[in-house]
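Novice: Below are the structure tokens for one structure; questions will follow.
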């Protein structure tokens, strides 16, 4: 029999001692590098997803907050593990390692299943609408594209929403989860930022191999100061959007490591040269600052000034300065920009097609998933506003947009965002992601994880404050 939120009592609110699990966590992250130096990366190819999933199951069952951290680290670092393996055994267009974050994120399905009746509550019902829209498009995709493309695509569309529901349902974990998220994102920003700058100044051999073998034209040249930073991710876009969220999270707390994380993170963020992510970050920042108390606002503005001063020597270095100046000039002269012209042409060609397919093309008809189809026709969208109706159709698209916007409005309009800064920051991250939907489909995949996970976190925080008030604020 399905449980309800009232059943979600002390059993999940009580944290076991985590000392015994840490050796397994350390060993899991060490073994890919040990195997690399031992020339055993062919084994890593299959063991990494198996071990990652088994560790995820253990953490999900016994250490729920560490499960959240483990899941995020997999999204941050798994592409880098994949590049190490590819460098040693050869490029693989489809790599089992990349399934690892999906497998671990998918454990959230069991939370949703256990508390299924809770989806009728007004705070969770909007996300339930999104799930229905995605499942509809999956059925259409099974018919139009086949089992493999539709199922692979389903991972990108459905799992972020399920994880958002997982976070919202486990609202009693809110205080511990916000602490875990902050520390995870501080260290994640530091690792990705430092590695990204090393990649920019002196690209490592597995990165240059990836740049050449993947044939990604937008990634830059595999030479010092000519790389568009992608750090531990597969390309600059996903990396920049990930940093967009982690950098906003740095406003949620203090501590020494937040400063170097911010300095290295913002430098790498700028050198990814992803204008949409820059704009999304600014929108998220404006919302967060608008929700802060004056005393907090002054402190955060001073912190931003300190970060700018510390980053200035790198920003004034000639190759960096010239690269950023050219990119910012392209924003001012947007109509002469080749990327802008290509995007306008794309909108003109696909606008009618995106909205003239009432049933939708189905999940598996676009992006990487479409490459698994025997039809061989791959459609890549530069706009989520177009991809969603094209894939989900009128019915699925309506459910998806309605649920997403409803969720966003609920978060942004909550009075608790002015009282609890973490709720404001979580809502700001989701807003930042949603604001870039016109440029890319940011509600699915790794960027979708940011939107839905922090939507769920914000809803959990609102629920927690409604029940507990501002105790332990």
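One-based numbering along the chain as shown.
Glycine too: its Cβ is placed from the backbone N, Cα and C atoms.
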Novice: Between 388-410, 411-433, 434-456, which stretch does TrEMBL give the note transmembrane segment?
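Specialist: The range carrying the transmembrane segment annotation in TrEMBL is 388-410.
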Novice: I'm a bit unsure how to read this: which one of 149-169, 181-202, 239-257, 297-317, 388-410 has the highest number of Cβ pairs shorter than 8 Å with the transmembrane segment (123-143)?
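Specialist: By Cβ pairs under 8 Å, 388-410 leads among 149-169, 181-202, 239-257, 297-317, 388-410.
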Novice: Pairs 6 or more apart in sequence, C-beta under 8 angstroms, 3 or more of them: is that satisfied by the transmembrane segment (181-202) and the transmembrane segment (239-257)?
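Specialist: Yes, the transmembrane segment (181-202) contacts the transmembrane segment (239-257).
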Novice: Residues of the same chain, at least six outside the transmembrane segment (239-257), with any C-beta under 8 angstroms of its C-beta?
Specialist: 75-76, 178, 181-182, 185-190, 192-193, 196, 229-233, 265-266, 268-269, 272, 274, 276-278, 280-281, 284-285, 288, 300, 421-422, 425, 428-429, 432-433, 436, 442, 446-447, 450, 454
